[in-house]
Amino acid sequence: MQILTHLLCIALCLYLFLVSTNGTQLILVNNCRRSIWPGILGNTGKMTPNDGGFHMRSGDEVVFDVPKKWSGRIWARQNCHFNKTGQGSCDTGDCNGRLKCRGLGGKPPVTVVEMTLGTSTSPLHFYDVSLVDGFNVPVSMRPVGGGAGCGVAECDVDLNICCPSALEVKVDGKVVGCKSACLATQSAKYCCTGKFADPKTCKPTIFAHLFKAICPKAYSYAFDESSSLNRCRATRYVIIFCPPK
Ligand SMILES: *[C@@H]1O[C@H](CO)[C@@H](O)[C@H](O)[C@H]1NC(C)=O
């Protein structure tokens, strides 16, 4: 009897330990026909899982945990070539030529999955797919198992196909990325910076409207309506590159 009580106590302690320390599980899936090299950047003061970069073949799945209140961004790099020391380059999303991005972001244009998995004032998770830095690969993020109010953040259409020619980024004649108006012009007006750093003065451009029409569940410019920001509380999320339509 005493042993049983002890066992129960140990089980309870273990359970409480797991509940209090568990973070969030992220499942990355490469549903693209070709390899991708995801890049991960933890926000300031946050850890970076898997050294911030790795290779995924078509069909691969990678699972990792991030701690409570983690925030950061994940993006895909394409057509990378790295040597044995993990140095080289990618056609899109390159992080200074490194396989392991460790603290570096990806070179735009790049589709970015952004998330804040709880803060000191709220346990809610916020996540979105952003086209503010342009587009390279379709991507989606959704909670596993769903949940009340938990939406899907996604841009599931290949915007490279319908990219206005002025915004195209080409490699060997093939469009690999589509710049946002901000990226293409580097102007305060389109980037919502300086005197335009206000939703009243910074309006979506015709290109942001185009992005929004094709990918309504993604952020298309800095002050896009908050409907593209999802709020949720789940233990697992799946991020699919080239999600099925
Ligand atoms: C890998 O590439 C980097 C940068 O191009 C180069 O400096 C380095 O010597 C290369 N290492 C190997 C082992 O080839």
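Every residue, even glycine, has its Cβ placed from backbone N, Cα and C.
Whatever TrEMBL says is automated annotation, not expert-curated.
Disulfide annotation in TrEMBL: Cys95 is bonded to Cys101, selected among Cys80, Cys101. Of the listed cysteines (Cys150, Cys155, Cys162), only Cys155 is recorded by TrEMBL as the disulfide partner of Cys215. Here Cys242 is paired by TrEMBL through a disulfide bond, and of Cys13, Cys32, Cys80 its partner is Cys32. The disulfide partner of Cys163, as annotated in TrEMBL and taken from the candidates Cys178, Cys182, is Cys178. If you check the disulfide-bonded residues Cys163, Cys192, Cys215, Cys242 against Cys182 (disulfide bond), the ones with a Cα inside 10 Å of its Cα are Cys192. Proximity note: of the listed disulfide-bonded residues (Cys32, Cys90, Cys95, Cys191, Cys202, Cys232), none has a CA within 10 Å of the CA of Cys155 (disulfide bond).
Between Cys215 (disulfide bond) and Cys163 (disulfide bond), the C-alpha separation comes to 13 Å. Separating the Cα atoms of Cys163 (disulfide bond) and Cys202 (disulfide bond) is a whole-number distance of 22 Å.
With the fewest other Cβ atoms inside 10 Å of its Cβ, the least crowded of the disulfide-bonded residues Cys155, Cys163 in this structure is Cys163.
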